[in-house]
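Below is one structure; the comments refer to it alone.
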Amino acid sequence: MKRRKFDAAALPAKSARAVDDRFQVATPLRKLLNKVFPDHWSFLLGEIALFSFIVLLLTGVFLTFFFEPAMTEVIYNGSYAPLRGTPMSAAYASSLDISFDVRGGLIMRQMHHWSALLFMAAIVVHMLRVFFTGAFRKPRETNWIIGSLLFWVGFLAGFTGYSLPDDGLSGTGLRIASAIILSIPVIGSWVSSSIFGGEFPGTIIISRFFIAHVLLVPGLLVALISVHLGLVFKQKHTQWPGPGRTNENVVGERMFPRYALKQGGFFMVVFGVIALMGGLFQINPIWLFGPYEAWVVSAASQPDWYVMFLDGSTRLMPGWEIHIPIGNGYVIPPLFWPTVVLPGILVGLSTMYPFLEARRLKDYKHHNLLQRPRDVPARTAVGAMALAFYIVLTLSGANDVIADKFHISLNAMTWGGRIGLLILPPIAYYITYRMCLGLQQHDREVLAHGVETGIIKRLPDGRFVEVHQPLTSAEGHDGHPPALDYVGWVVPKKMNRLGALGPAIRGFFYPIEKPAEAPVSPGHPPVEARPEREEIGSGESRR
Amino acid sequence: MSTHTEHQAQQGPEPLDVNDPRLSRFDIVQEGARRDDIEIVHYEPQVVPGSKAERRLTRTVALMFLLTGVFATAFLVVYIWWPWQWEPGTGGDKLYTPLLGVTLGLALLGIGFGILTWGKKLLPKEVSIQDRHDQADDPEGRKITGETMLYLADEMGVRRRPLLGISLLAGLAPVGAVAAAPLIGGLIEQPHKNNQMFTTGFQPAEGGKKIRLIREDGRPIRPADVSVGGQLTVFPGIDGGVSNLHADSPTLLIHLREDDAQKSRAANERKGHGDYMWGNYVAFSKICTHAGCPASLYEQQTNRLLCPCHQSQFLITDNAKPIFGPANRPLPQLPIEVDEEGFFVAKSDYTETIGPDFWERP
């Protein structure tokens, strides 16, 4: 019988045809491969959060194989000798086992914790980028709201996860959480006893936190992240202003291959950094804290960094209780304001901000071009104000450690925080506003007069003047070069930005190539506008 | 697709015939991009094929990938053969996790930087421009969809047959409640069962038998066990007294110096707690009235008790009144005495509510 000849080279084309016959994917796939993404280093901050989340899922699944979410009392009998014979909860014992009796368990635990910290940090920095560049404006308000929610859901994921080992430190955190819930007027004690299944700590909270931490909260995170990315994809990424870039186009690279390769490589780098951190830097050494006992705590008990601002607000709050003299009397404890009301206000303000700004500026247009922070002094100053507020609170969350290490009175630290919280944000607002105006003015100055060359010329009449290099060779009506318009992007301010020095010669020991010619434009490859379109101007669509 | 070709027809040149054999592959790619409203306006190889620079970059990328292999193998070797079980002291097992981290990290960084170099340095640079199409759909499209939805409502005929809508709502509302009921009903707990928020382990037993103060190891305490100026954490001498079952019961027993004891006694009398001390001994709840952490840092010289969580400070010689920080109410005092066998007992339970404040705390 004659064997059918097998043609390996034709196989891809053949199978592709077979797939397309059935699913009609050729055209949608082409669109995906071709999708254009604008590029800038600051657009990668959100990716760090995404990649950390993937590492969180991977390491987290590993940990569930060994963790036992139960508060049953057991006597520890594992490898870690100092705690042998200690009564503790099964949750704590299994966390110790992950650290000492599961091969490679400790690095997984530490990678999980580090990627959680990195996840939250990347979210915050990404949020700052989006805020300060105005990327949240119409049509992207929904994504801004989802992003702010992601911070709080991530916060919840972090807190529930961090409480699971049931060690001395996390138990104290749970104790504070129950006190926060108790402080809610009217329903506080009911909510607390419902969550803890009775009086604190009860025997069920770890199992409840476990299912929240491994199913409910991650499910919510996955859903929100999917919508977040889907909207970025649908609405297309914002871009910085620049030659050929308008509010109606996207200038960048097609997704495949270069952009996708860079993303994949960056994921591996983030993963690698987390692995290095998980291996080299100890995090949350629960075996040093001992099991949770309601009567044991040590100084310098700090939560994870993203919780510290709430710890700080709690520390700074004066002990003002509101007493309502009806019947036996009712109380609103001081704990209620910094831990329930403050986060509520923060959620409200941050989610509403895009609408507040649009309303104030009466600006309801689509905005796809980013703004440099200096060009919007009011917003930048508000952001600086918020940042100052947040930093004072976060530092106050560690004020006992600062007082101890720098030999400052603890009470002085608290008072410093209280006063700083009120006066530093307005100061930050004022200084930032002035800085923005100064930077704007300098941009205009360079555009009008050129770059300072550092060359001093003596005029025939004896005066000294500095020679300026104009940014254009055009001649204005009075013989001087005309003042250029500002288009919302970096103005070159140093001679080597104009190619005066030429780029450095590449190569470590010997030049690997002939020195390239000096670039003509500052940092951008020359971009010609599409020939068939006429309305392209670099900055007109910004207003 | 038809909308796009129409779009092209209005604006740009005729679409290319992709079956034209004279076209290069890049021409077809460019044509595909054009059909997606993308113009590749700048496309420039970064390295000349066959040049020294290209060979050098290729070697660099290959080296990174090979290093990944080396480090990944090293990871496996360490994982399998390095001593990993915890031993006392500073043995090699303490290096197990760091070595895993370094080998895994470098393996991943190798592949990461390899891919990045490949993408950033070896692939051609390009600038493409794509139309955003982010303006609202045309008014006609909106109108058609709007009318379609209104027609849907007409078809349902809710307006003509209001009974259907009302009865559907009336039927579905309880179904929503059914979904919520097991969740709320299963979770909800009465917080004041057995008066638990106002009592502790020191509540005298049924026969009125007073509860002893015991140490963490369960032994009862004689006055001589606490030296002057010293303090001891004590627990109710009941079943589970030294455990998280009675998380609100841990108490700090302090033996005051003579002059401090006088101050403390005077303060007690002012508050009507004249008989709460026994000799120079006082006992205060260790559970902070602010957020429930153990207020456990006792400064002997100033008689202040500091809670390490939020730095509330309580003055022991003045009924443990809060003198700094966020706490708003004094630590409750446990009335104590010594029984006929010479051990400390609680005269009664605490007379104030223990722990963090809540709405219905009197």
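A Cβ is built for glycine as well, from the same backbone N, Cα and C atoms used for every other residue.
Annotation comment: TrEMBL describes A:527-543 as compositional bias 'Basic and acidic residues'.
Here TrEMBL flags A:15-241 as domain 'Cytochrome b/b6 N-terminal region profile'.
Positions annotated as region 'Disordered' by TrEMBL: A:517-543.
Residues or ranges marked as transmembrane segment in TrEMBL: A:42-67 (among others).
The annotation transmembrane segment is assigned in TrEMBL to A:113-132 (among others). Residues 42, 45-46, 48-49, 52-53, 55-56, 59, 144, 147-148, 150-151, 154-155, 157-158, 161, 270, 274, 277-278, 281, 283-284, 304-306, 353, 373, 379-380, 383, 387 of the same chain lie 6 or more positions beyond the ends of the transmembrane segment (A:113-132) yet place their CB under 8 Å from a CB of it.
Per TrEMBL, transmembrane segment is recorded for A:144-164 (among others).
Residues or ranges marked as transmembrane segment by TrEMBL: A:209-233 (among others). Counting residues 6+ beyond its ends, the transmembrane segment (A:209-233) has Cβ neighbours under 8 Å at 35, 50, 53, 57, 60, 64, 67, 69, 140, 142-143, 146-147, 149-150, 153-154, 156-157, 160-161, 163-164 in the same chain.
The feature transmembrane segment is assigned by TrEMBL to A:264-283 (among others).
The transmembrane segment annotation in TrEMBL covers A:335-356 (among others).
The list of residues near the transmembrane segment (A:376-395) in space but at least 6 beyond its ends in sequence, with Cβ under 8 angstroms from a Cβ of it, reads 128, 131-132, 134, 305, 308-310, 312-313, 316, 357, 402, 417, 420-421, 424-433, 436-437, 440. Residues or ranges marked as transmembrane segment by TrEMBL: A:376-395 (among others).
Sequence-distant neighbours of the transmembrane segment (A:415-433) (same chain, 6+ residues past either end, Cβ-Cβ under 8 Å): 312, 315-316, 318, 377-378, 380-389, 392-393, 395-396, 399. Residues or ranges marked as transmembrane segment in TrEMBL: A:415-433 (among others).
Here the transmembrane segment (A:335-356) lies next to the transmembrane segment (A:144-164) in space: the count of CB pairs under 8 Å, restricted to residues six or more apart, reaches at least 3.
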